[in-house]
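**Q** After the structure tokens below, expect a handful of questions from me.
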């Protein structure tokens, strides 16, 4: 393939008489099954060609080095790490730590876990991620939606109040399952699964989760003792109304003040992006202020509940607590898989968006392995599900982190906190934690995005609202499945109804475009249809019926009998045996009505199947054209000559 | 749109300097939401434009008439029915009746039902079909696979030996559910569901079912009393080995003779198609000969079991037996839905293939309504599930049937049989019925089709084998679901990996083709990629990664830095918001590396979304081209001018 100059490009329509033999369709290419399978697997599982870094390396030692660097990214950036980078990472690490402590405690409460588990979860997993993670901006920590979802699922088999130990062990087991599952997804390169969580699904799910999480926090803000264990809107509102005599004004006022403060700091940041650190440290400030205030005014006597006693010390081992009892296994596996996919979807989407913004590397499958390993090791060391939470990662990015070292800083700060300061955080009032969650959740409701979806794509809007309403009114997993199901349904509809269109010729150019879209010319008696992709069992009947309809409408609108139908296959990327049979039937039916079918520009894969199934042999190579205009001209030619013959007969 | 002569087609490459403004992309078309929704619904549910017959009728009375004719096809053909047609239908009707009696009894035994139910089922449903059915060749009757499947599912809740009455009532209820379901599918035009049963699935399922049905018949052939109630291969072989002392030589010899006879008649027909009536009446001959023989030699004393007493009389009403008890409802609904879809898939595929062969009308959705109504009324009159069995319909076609009147003849013959001859058929030996089923099933194993699938399409082969092996080794419904699931998975893979390809210019023509397929020329620094369809959330990441890979491989193979990437959207039929966001990210990343992205020929739907999402506004209308070659030339031009500028600088 060399370069050609555009002056070589000639007019190609001067030779109508022999254009049948002018531009030949390539019938000769036949790849072996091995080649095709290899290509299909590569496109399906390795579209980003991940091993390119060391595949092309000449020296064997260099190849091993690059291989290690590929699989363990820390070896890639640590050798060139320097003090300047560390200063940036230190600031970012300290900032996310100040967020990690209150968030860790709050989200652990969401999952009905002891607050310490939340703190433990910000120690080990960030260390693991720092070694294996490929993103430079990810800040590891627990996430609100998954915390609630995991609790909901495990609570169907164990009550966290009645048997807190068993409940805790099952949460560890769930985390273990999540870890194994995520690592496997990454190892087997099944990132494709996560692709099925669309932007619209995640948006709706996040919004719905934010609403139910805010509703849950009303318990803390109102200082109530009894509250619905269900999360749906109806149950929560009912529960508040029924127990309204429990509402205390003291925590309510505190809560409103804290939420207002936190929202105000965010407003400041929006006004001036340089103040990113204000909302980042605001939760810590809230916790400290609230704890001191409560301690001073003896808040416990005024209905202000506090977290309670917290032990000193680092993560204890928990590997011996993993519980694979068949009685609970179903719930554990279900929770593990659903939260596993969910936290991947969130974590990968976030990592990707910052990587794009900064043009830094990001590898979905490597991220899955890193997430999997951090949950696996987490489950051995008293941590529960962690991922890359949106808020924390955004703070990390804005604080100027350069590498995963920020996570190491976070881990060290958490270790120091656990070793020396943990008991102090026991004085944190619950209402402060609730205010932190509410404020975080308010930031996740992107109604302007939903309006955008409504304007651009109604089906995307429906997918989004299915997740939102499903989460609010039914449950989190139902909402999620519903939305993903609609997305898959839409994909299937694309395949079942592949949008063919009728083509006409652009004036003065030998090119064809959609008749609906452009002012193009058509030839009487010749119908040109572009088929959508793929032609497949799920649409082979549709394609047939649609073509029959084109013929009918063409004949009724122009009054000319259609004698040739030309199918442009340029856009058809795949075909299967049912569809080939369908084309065969179409040719038969049309043949009986005196209509000839021509095919233009079948692609490689399609041509291979048409040849091997003897379809080409059956209908003849002369029915295939490389250039649409050639096919149209040839049809016109036979049309005219048959008319001429008819006329000649009439004259005789 | 008028006709143009091809001499008007000029060379369009003489004007490189102003081609930017020469062929404009149409940015103006914006359809309203209502229009788009209407078109989408029409394409999805009414692709065949079913109401065209009476929509365009001028006179209101004519419109009503055509409407009635559309919904009740008998009004279409009966007014022009004549004696000559009746003669053909009479012969065909008598032929299928002779098949209906032994098949009715045999298949009822497959479903563990009293043999009379099988005969009843060939009386009422054919009458209903004659009124509502659109196919001219369909012969209505019970089908083997569904008979076995329905029995398997209902037996999970009721034992047919312990409580035969309840079992029978549940079968009627299942038939009722099937009828309602099928009629609804047809009414709501959900024929699209049946489209998801591919040719490969049906092939594999039929073959697998044939094998397990033959295995089941070994009970009758060996004259055994104990036999596995399970249908899978392992259970049946075990059961035969364990009870081998029960095997009697007398029925075995008879069975082998009968099967050989039936297969021989089929062989005759294959040699000489005019002898179609020989295999058609062979089952009836077998039954009569076997009954007489058994009566004469007192076969009961030699281990040859017979059907037993049969009552005279037409179908009793069964509407009051329908049982919607919650305890059984789940199994009943499951059996109803699965067998409903299955029998539709078989019946519609068969009707369609004969309609194609004969160029007669066939309407999938109307067929569903007809099938639904015949099962609905069947469930009120002691019938169980009926459809259009392949063997019977083929016989009907070969016997020269002209209209659905053949079914009326069948119904009349069955009525006479039930009224007068039923008791005689009580003497039929079971081994004769087994031989009839075995012979029918041997005709359903199309190994040559499977070889064809293997050659043409390995994935289709896997789909087929999943159904076959699933049915043989697990169960019928698991096999079916597995196979349909693989088909859907493949459809999703098509969407997730839409097969983009790199394009190059055909020598001497301004058209672009796949570089792998044709010997085309590329331009250094300009990469042309054709995207597959649709661009969608499930593939937006893939598309990005694939394009990055194209750029890398282009740069490493040619050594030229890619400065322009041109995306040909001609084949992209749909796009969603996630994909638009993805393209946006792609442009950002590439922009940072100094690569410019151009788009060529977006289709109507795609353009609408690109405009409404402000994508066009953001990247500028000048990035869109109508003609691929124009985009390439424009890129070449800027490339050359920037190089010239560089050179100029160097010179200075």
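The backbone N, Cα and C atoms fix where each Cβ goes, and this holds for glycine too.
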**Q** According to TrEMBL, which stretch among B:56-75, B:196-215, B:216-235, B:236-255 corresponds to the feature transmembrane segment?
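**A** That would be B:196-215, the stretch labelled transmembrane segment in TrEMBL.
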**Q** Counting only pairs 6 or more apart in sequence, are there at least 3 Cβ pairs under 8 Å between the transmembrane segment (B:170-190) and the transmembrane segment (B:138-158)?
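**A** Yes, the transmembrane segment (B:170-190) and the transmembrane segment (B:138-158) are in contact.
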**Q** With Cβ distances under 8 Å as the criterion, find the stretch in B:113-132, B:276-297, B:368-387 that has the most pairs with the transmembrane segment (B:328-348).
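**A** By Cβ pairs under 8 Å, B:368-387 leads among B:113-132, B:276-297, B:368-387.
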**Q** By DSSP, how many residues in the domain 'STAS' (B:516-635) are helix, how many strand, and how many coil?
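**A** So the counts come to 60 helix, 20 strand, 40 coil.
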**Q** Counting only CB pairs under 8 A, let me know which of B:81-101, B:276-297, B:368-387, B:459-484 has the most with the transmembrane segment (B:196-215).
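**A** Against the transmembrane segment (B:196-215), the leading stretch is B:459-484.
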**Q** Rank B:113-132, B:138-158, B:276-297, B:368-387, B:459-484 by Cβ pairs under 8 Å to the transmembrane segment (B:81-101) and hand me the top one.
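**A** Counting Cβ pairs under 8 Å, the winner is B:276-297.
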**Q** For the transmembrane segment (B:138-158) against the transmembrane segment (B:459-484), do we get 3 or more Cβ-Cβ pairs below 8 Å once near-sequence pairs (under 6 apart) are dropped?
**A** yes
**Q** Mind checking which residues reach the transmembrane segment (B:523-543)? Cβ under 8 Å, same chain, six or more beyond either end.
**A** 492, 495-505, 512, 514, 550-551, 554, 558, 560-576, 578-579, 581-583, 586, 606, 628, 632, 635-636, 639
**Q** Which sequence positions outside the transmembrane segment (B:113-132), separated from its termini by at least 6 residues, show Cβ-Cβ distances below 8 Å to it?
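**A** Sequence-distant neighbours of the transmembrane segment (B:113-132): 72-74, 97, 100-101, 103-107, 138-142, 151, 160, 164, 168, 171, 307, 310-311, 314-315, 366, 369-371, 373-375, 377-378, 381-386, 404-405, 407-408, 410-411, 414-415, 417-418, 422, 425.
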**Q** Averaged over the domain 'STAS' (B:516-635), what pLDDT does the predicted model reach?
**A** 89
